[in-house]
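Report on the structure given below.
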Amino acid sequence: MLLKELAELAMRIASTSSRRDKVSLVSDLIRRSDPEEAYKALLILTGRIFPPSDPRELNVSWATLWKVVSSLSGAEPTGVDAGELVKSIVERRGKRQTALLEEPLTVEEVYKILEAISEAEGPGSKGKREALLTIPFSRADPSEAWLLANAIVGETRLGLNEGLLIESIAQAYGLRKEDVERAVMVLGDPYEIVRRGGKLEFEPVLFRPLKPMLAQSSDSLRSAIEELGRCALEYKLDGVRVQVHKRGDEVRFFSRRMSDITKSLPDVSDQVRYGVRAGEAILEGELIAERDGRPLPFQILIRRFKRRQLDPRLIEEIPLKLYIFDLILLDGSSYLRKPYFERREKLEGLIEDPVSLVRSLITSDPDEGMDFMEEALREGHEGVIAKKLNSPYIPGVRGRYWLKVKETNSLDLVIVAAERGYGRRHRWYSDYYLAARDPESGEFLIVGKTFKGLTDEEFEWITQKLEELSIGKEGKLIRVRPRIVVEVSFNEIQRSPKYKSGFALRFARITRIRDDKSPEEADTIERVREIYEKQIRKFQL
């Protein structure tokens with residue numbers, strides 16, 4: 001497939017607001033293309049380049065892309081606004097003639113170049129990435145350059161969300177949408193179904209991460225027990241959730257975003273080899289940093305995952321402990337549809353030191369449950385999760401089978417803009433605009449702003465990330481692609497005409513950076529509204 005064909009298709013998708021038309025265009029692409037070619041074309045169209053479980057990254061910032069494009073087009077780097085950059089590429093490259101004998105770009109060729117960019121490491125890697133970027137952009141026509149630039153920075157803005165891809169796949173292969181949805185939860189993403197030529201998989205596959213089952217929030221432990229009845233309470237650990245895949249001595253770890261994080265965890269791999277009595281297994285657990293039996297702050301734990309290459313000293317400085325709480329696959333048998341109590345019972349015979357099971361209590365008594373939760377809090381944990389005893393494991397679903405109860409009001413929000421601070425903080429972008437997700441429109445709606453809660457080291461890290469994610473600057477303000485998720489505590493939620501969302505957090509404070517969460521896992525505007533309405537009812541009592 002020529003890149004020109006894909007770019008023209010992208011422009012047709014961009015020109016229509018009709019979901020039906022978008023589905024028709026994407027399904028036609030899938031039908032008429034070789035599975036591997038369609039797989040790569042969809043990754044480019046959606047601005048992913050690599051699927052969620054692939055740990056590779058391009059590491060190409062807007063600044064790098066601008067440098068390459070401006071050297072080819074003669075554009076002056078007057079800003080870093082995404083729209084202006086694309087406009088510059090389209091207009092200025094359009095005025096240049098491509099050599100008559102130059103071979104047209106293909107999707108396969110471009111994808112190989114992108115793979116080579118992701119593999120550039122070590123001294124001179126930046127220059128190598130720039131040289132590789134020059135190859136396609138020097139030959140691209142305006143439409144090809146438009147698609148390629150936006151795909152590289154993950155901003156194609158074609159409205160091709162996962163739901164639309166699922167519909168397109170179902171239409172292309174004549175499958176039921178519900179079946180495609182189920183397969184996506186097990187395989188982790190829709191791209192893999194296209195790569196398989198429409199072949200669906202409903203059972204867990206070893207070394208292929210599933211989407212994690214998620215918990216909804218409950219206002220109190222008492223209301224959670226009232227809703228679920230007799231249930232299991234588990235400690236809610238303040239750590240990094242991991243999916244553990246084991247076959248013999250081969251062990252791999254996947255984050256809740258389905259990224260392969262095995263290289264960061266050589267010490268934990270050894271724990272699994274000695275502490276999991278199974279030939280083959282897929283387990284769910286939580287990693288925490290511990291010292292003298294107590295959890296260390298999340299900010300310390302996350303340092304183990306911030307480097308592309310693990311510093312061996314961090315293994316001793318930040319010792320990790322794995323706690324297991326669920327079983328998905330055991331020696332070829334799927335446990336997805338087995339009830340929670342049966343999965344937990346099986347785990348009791350599988351897990352031994354140095355791995356541990358998350359502490360659990362089965363009860364229908366709110367007072368007994370409160371004692372258990374207070375014990376969890378005293379030991380330095382976040383709270384508890386209440387789990388329905390007969391619940392199956394449903395990948396990718398945030399349902400009412402699991403209810404989380406925490407001590408403080410908090411939301412997971414996304415940074416969409418920031419301002420430089422004052423005084424000592426003038427070096428950093430340290431005042432953050434925080435947004436909740438609107439699942440209907442795909443927008444992120446601002447619900448507050450804060451500069452509180454972070455260390456100087458974290459200000460430095462976020463400032464660097466924001467520069468990489470920039471889509472425009474106005475004075476001290478930087479607007480960014482919504483990628484950084486933070487956990488935010490607050491006193492209450494108020495109605496406010498200041499923001500499009502209609503809400504504003506009072507006394508917002510960032511409690512931690514959630515590197516392990518994707519923007520799609522951020523709290524929704526509906527959740528914000530729900531908390532606000534419960535506050536109002538409470539005040540009226």
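Even glycines carry a Cβ here, placed using N, Cα and C.
Residues annotated as ATP binding site in Swiss-Prot, with sequence analysis given as evidence: E234, R241, R256, E286, F325, R398, K404. Annotation source Swiss-Prot lists active site, N6-AMP-lysine intermediate at K236.
For the binding-site residues E234, E286, counting C-beta atoms within 10 A of each C-beta gives the highest total at E234. Site extent for ATP: the farthest pair of Cα atoms among E234, R241, R256, E286, F325, R398, K404 sits 19 Å apart. Between K236 (active site, N6-AMP-lysine intermediate) and K404 (ATP binding site), the C-alpha separation comes to 8 Å. The local packing around R241 (ATP binding site), expressed as other Cβ atoms within 10 Å of its Cβ over all shown chains, amounts to 18. DSSP gives K404 (ATP binding site) a strand state. DSSP gives R256 (ATP binding site) a coil state; it is part of no helix or strand. K404 (ATP binding site): 17 other CB atoms within 10 A of its CB, across all protein chains. Remark: of the recorded positions K236, R256, R398, the most isolated position is R398 (fewest other Cβ atoms within 10 Å of its Cβ). Counting every protein chain shown, the Cβ of F325 (ATP binding site) has 23 other Cβ atoms within 10 Å.
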